[in-house]
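Working notes, structure below.
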Number of protein chains: 2
Amino acid sequence: MTVPVRRDAGVTVPAGFRAAGVAAGIKASGALDLALVVNDGPRDAAAGVFTRNVVKAAPVLWSREVLKQHRLRAVVLNSGGANAATGPGGFQDTHATAEKVAEVLGSGAIEVAVCSTGLIGERLPMPAVLSGVDSASGALADSAGAGLDAATAVMTTDSVPKQAAAGHPDGWRVGGFAKGAGMLAPNLATMLSVLTTDAEAEPEVLDRALRAATAVTFDRLDVDGGTSTNDTVLVLASGASGIRPGEAALTEWLTAVALDLVLQLRADSEGATKDVDIVVTGAESDGDAIAVGRTVAEDNLVKTALFGSDPNWGRIAMALGRAAARIDPDLVSIAINGVTLFANGTTAADRSAADLSGRAVEIVIDLGLGEAGATVYTTDLSHGYVEENSAYSS
Amino acid sequence: MTVPVRRDAGVTVPAGFRAAGVAAGIKASGALDLALVVNDGPRDAAAGVFTRNVVKAAPVLWSREVLKQHRLRAVVLNSGGANAATGPGGFQDTHATAEKVAEVLGSGAIEVAVCSTGLIGERLPMPAVLSGVDSASGALADSAGAGLDAATAVMTTDSVPKQAAAGHPDGWRVGGFAKGAGMLAPNLATMLSVLTTDAEAEPEVLDRALRAATAVTFDRLDVDGGTSTNDTVLVLASGASGIRPGEAALTEWLTAVALDLVLQLRADSEGATKDVDIVVTGAESDGDAIAVGRTVAEDNLVKTALFGSDPNWGRIAMALGRAAARIDPDLVSIAINGVTLFANGTTAADRSAADLSGRAVEIVIDLGLGEAGATVYTTDLSHGYVEENSAYSS
């Protein structure tokens, strides 16, 4: 079934959720920088996936522990500081933030996840964070505008907020927002996302559905190989629809909303001028397909060629040849935007036959060995990327 | 012992070698594009290491077979075309080139290695290549100028030829040239190098010495993660000095010349504005140290920060945290140009204390776990890199 996804609203589309985004003064600019998403129930199942980077920010360490109960009343998120590499003091700051949210909501800190994004290595301005929680609590609403404020408050170098939502014909819904504009990589990115649903779901079903959804969406977005200290995707299920979908439907709807958020993240990633789908087919295993897709996605010579609108399949062949996957060069074919340029170990068509003048690029790599496949979502490497990332912290 | 390395001459410094570089008409520009290095003996031991990319160019397939005999009379090299992904016809072209060299030298094709560099996926203009072999044969000389011509004829986007040589106090010498300016990566790069020595060496000793030398030099140069289809490092030993050094001394001298060539390759790599040494210490194993060094070296967010002269240790911490190595974040310290910025899980000094205004940057990452270490040589990621690589083939 094709899932119809809308982008004009997000976490407040499912019933049972309120959200807010406020300017707490964490960012010097005065922009929105603190978001709160509250699950009013009647149920409180939740699940989360976190960065696999061994250097984990304090909020990741906290939220990972909290999620072991598979229940969440609320998520508090801040931009303006990652609270990573901040030592025991940084962890205390995260804990104090969760305690403050619990206090204003009348719940326990153990029911509050915390997410942070921004520069690594700086402590958060805690008076601003704590008073921001008060402001956000007062601003909580179930309106589309409140969801948009929350989506806006988590932005760092993002140029636009990213929201998505989809309703199931049976009457339950999924919504969400995401942020992330660089460091988009294997196994998440400087990427935060909160998904909500008013479906009823047992915690273990919700957990499996989230992992299945992120495996083919957030985990397949690879802009620059960076895997952040703070990456987090959470899902909260209020059960307010009173409907308990099957696991397959829940997974499909979560996947559709997550994929839409991923495509928005890619379109807004730092300096990108091309939206590139790398479709690997004919692999011996999913792992091989993913390895080939990621190695090509991360290759700077491939990425700069794409920036130059150059269908340089030779660089793609070079890149896939160093992937940790079984490959027989004589069986590989490479097509760019529908034109097969390499097959049977040599040139199949003059590369001028492939048109890369548009923003959308599809590279299909058929390994010719088996039945497995994977799609990896990436971008080109442009002057804009270099400019934005060489100036970010100054 | 410190090995004194000179850069004003190369492959013709050791006795028993002649070289030439000619304009064969492979490059449309009319620049030098075909090089020949001949070992006049009395001995002909040789060894080679080749790209680990599974997509191997025809000359790599040929030369790898030839080297199984551990004997070489000559090496012929061309720029202007990689002869990679050219199918059986491309392999025939390589074979014909070796046959032609054998004919003019009165040897067998099995004693002739072939190296090619340039664009992937195009057949070589064989009439130009074969007549170039005749011209090169006529120009062979043991002069410094002939060595320089050979070093010049292998250049692609290199802006300068790279040569190095060193004499041992006992009276034997090592010389060499290298080319490569992009796709510089783990396990070699679009990188060709020919080393010569007039030491006497048994083939198995020469092979071990070459592998030990490349493991800490060419294999540690990682500019953009690219591993080319054509990477080759060869060493030829004429025995003309009549001296048989110990394996340790031979390894040390080969390493010194190879390292000097690597530093020249890095200094000339596409668009680089920083020469960056990533020194990893305190690792549990050499493999862990290399993995950490390479992951940091290939991280585009680290590289763009360096381009911006920004001592952004947070990005270094993020990058090393995703390396395939054992790491305890609380034991890691990171120093940039002599200033420790991160230690004990948090900020150790304000990053403004580290001065990145110069071209040379040393990043020392101490993992605090063991005794192993490794140095990886890399560069920043600049507008120049993007410009040169997005325009290369057009």
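Here the Cβ of each residue, glycine as well, is placed from N, Cα and C on the backbone.
Features of the protein shown, as given by TrEMBL:
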| type | residues | note |
| --- | --- | --- |
| BINDING | A:Thr156, A:Lys179, A:Thr190, A:Glu270, A:Asn389, A:Ser394 | substrate binding site |
| ACT_SITE | A:Thr190 | active site, nucleophile |
CB contacts for A:Thr156 (substrate binding site) [other CB atoms within 10 A, all chains]: 21
Listed binding-site residues (A:Thr156, A:Glu270, A:Asn389) that sit near chain B [CB under 8 A]: A:Asn389
Those residues of the chain, 6+ apart, with a Cβ under 8 Å from that of A:Lys179 (substrate binding site): A:Ser79, A:Thr117, A:Ala151, A:Val154, A:Met155, A:Thr156, A:Asp158, A:Pro161, A:Lys162, A:Met191, A:Leu192, A:Ser193, A:Leu265
Count of other CB atoms lying within 10 Å of the CB belonging to A:Asn389 (substrate binding site): 28
Cβ neighbour count within 10 Å of A:Thr190 (substrate binding site): 27
